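The signal peptide annotation in TrEMBL covers 1-23. Taken from TrEMBL, the feature domain 'Partial AB-hydrolase lipase' applies to 48-108. According to TrEMBL, the feature active site, nucleophile maps to S182. Taken from TrEMBL, the feature active site, charge relay system covers D371, H404.
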Amino acid sequence: MATVLRLVLLVIIFCGSAPGARTQELDVNQEAGLAPLPQVANYGICKSMVEIHGYVCQEHTVTTEDGYILSLQRIPAGRSSGDTPQERRPVLLQHGVLVDGAIWLLNLPHQSLAFILADGGFDVWIANSRGTKWSRGHTSLSSDDPAYWDWSWDQFVEYDLPATFQYVHHQTGKKIYYVGHSQGTLIALASFSQEKLLNLLKSAALLSPIAYLGQVPCPLARSAAEVFIAELEFYLLITTCFCFFMCTTSFPWRLGVDEFDPKGKAVDKLLKAICNKPGINCYNLFTSFTGKNCCLNSSTVDFFLEYEPQSTATKNMIHLAQMIRGGSITMYDYGDKDKNVKHYGQPTPPVYNMSGIPSDIPLYLSYGGKDKLSDVNDIQALLYSLKDHDRDKLVVQYQEDYAHADFVMAMNAKQMVYDSPMAFFRLH
């Protein structure tokens, strides 16, 4: 039951199961006669997931201005290349919410973006957001302290992304190519709208871009997100198609106000409560995920369930829920005018203005027709905000059968998605 519940959460996070979606579910490892993907041990991503495939890998850390110690992995070269990192352009990979940098390494090397980039001539850097397994350090706080979890994705924009960019630039001396998925695109777009990082950026590829969330198509998600819950007093309702919304007080338990741990007891209770509700069959959700989503293989999903999902801050989940409810892209709303004035100097949270993104930044956007997080209508709103962008600096790719997870886990993502932004990087 626990495995099924975790898979339910995976379905929810990635919103990948759409009735009628074309399915391709294969166990590539078994077909190729390869051993199953290994479990991630306690000695880091490099040894567990990179070096086993014959790549050189380095573990790095960077400390943010507010004291968080973030883990970075560097793959400086491909398996068979004879060049050196000095001859390669750095590319930074930034994952989304409730996962970490391992998401870029789950498939075999010829299917995983980090390895594909390394073999394609790039100096690959993999970021891990604060609060995830390898980025739980702090200069003065323990992750057991509620104060450690007092952040949302605003702090990724303010602290984490600048610190990571500066570190990679310092190590390489070169401007950086950026690849983000899901929340990794949101923090990049928000940064660019404030004209941050531009002096260190070469170009950016945004997969399943998240900016506007006002058109999320799941009716239950939208109705739940309409309900305002005051600061630190909220309940999270996970449904079959979206994870970022809050439930009513009819549930007799509370999620914590600090760490949101998808593997914790509170979420376990939440999932069990949902699975026991009339009309919801979690085993059907299992079938829906493995049978309806495009282009994932079962070994990758099994490995994902062993390692992911990862923790984030409860405050971060509230912030994402606010975006659904409000339909705009603003900083975290403290739900009280006085508190907002204290933090921002104004009664409402400041807006991240997407139309303020400089028009000459080379941007590559790739989105999918089955994606319930990065919805097609929300993407159109983002593109409208970018309507004045230089035409030769904005490329948009649409994959009709792709859902949210396909962009990082699909077996055919190299051919369907990755080859194009790599070519875009070489031009820009």
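Even glycines carry a Cβ here, placed using N, Cα and C.
Known features from TrEMBL, placed on the structure.
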residue : record                           : Cβ neighbours (10 Å)
S182    : active site, nucleophile         : 27
D371    : active site, charge relay system : 27
H404    : active site, charge relay system : 25
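Residue counts of the domain 'Partial AB-hydrolase lipase' (48-108) by helix, strand and coil are 14 helix, 20 strand, 27 coil (DSSP-based).
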